[in-house]
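Everything below concerns the one structure shown next.
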Amino acid sequence: MPNRTDLKSKLLSFLDSYSHILLIAMLAGLLAVIPGEALALTNGQEGRGNYVIIGTLVDKQGVPVVDVSVKAFSIDGTELLGETESQEDGTWRLALIQLPAGELQIKIEHPRYIPQTLNLSVHDLDNLNEVGLYRLGETTLDWEINAGFWAATIIFLGVILLIAFEKLHSTTAALTGFSALFLVSYVGGDFNPNFFIFSFERGLSYINWEVIFLIMGMMIIVAIIEATG
């Protein structure tokens, strides 16, 4: 029966032999996900309609807020007239095919912010009907301290403690924390929307690809120098 050293050497040999294949497969998977996210954002932002309402969403520091759900309802809140999401610069564009008979209700929702409801009066809708465009201006969102916030805080402190006491390698600890965030978002979020922190697609946007490829290039150069002297 092979001992632990033999198994470890075989595993390292396998990873060394097929590392380029694993890297290509990982990059291919990421590239398959990113266009899907871009297409979804494009479809949400460039809807067709006779009437267009635009605005901007920022937090208290004036930083644009992305991925905020913006929906238009009739004043009683029963009929959905249109929906979209805010973009990287905080702007959103809501296209409506028709206008309600009375006032219009716009609901702004995001897991990390307090929901807001804005009402457009009959006079505002008359202007929208004449011009075809209504500028709602800038809306400031307030942070909501919910279950997702506390879960993210506990995970962050746990990662810091793992690194500080050297219980795990720093990279392994970071990946463990990253995985825990997804676990809370997708498992806990199914039971309670307040547990949702961020999506996998949004997590990909936080990755600094320039640093990753820089480190990869440096590792390749170091390996070549070690092999050739």
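Every residue, even glycine, has its Cβ placed from backbone N, Cα and C.
Annotated in TrEMBL:
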- 160-229: domain 'Citrate transporter-like' (DOMAIN)
- 21-41: transmembrane segment (TRANSMEM)
- 147-165: transmembrane segment (TRANSMEM)
- 172-189: transmembrane segment (TRANSMEM)
- 209-228: transmembrane segment (TRANSMEM)
Open item on the list: How about long-range neighbours of the transmembrane segment (172-189): same chain, 6 or more residues beyond its ends, C-beta under 8 Å?
Closed with: 147-148, 151-152, 155-156, 158-159, 162-163, 195-200, 203
Task: Average pLDDT across the domain 'Citrate transporter-like' (160-229), rounded to a whole number - done: 87
Task: Composition by DSSP (helix, strand, coil) of residues within the domain 'Citrate transporter-like' (160-229) - done: 56 helix, 0 strand, 14 coil
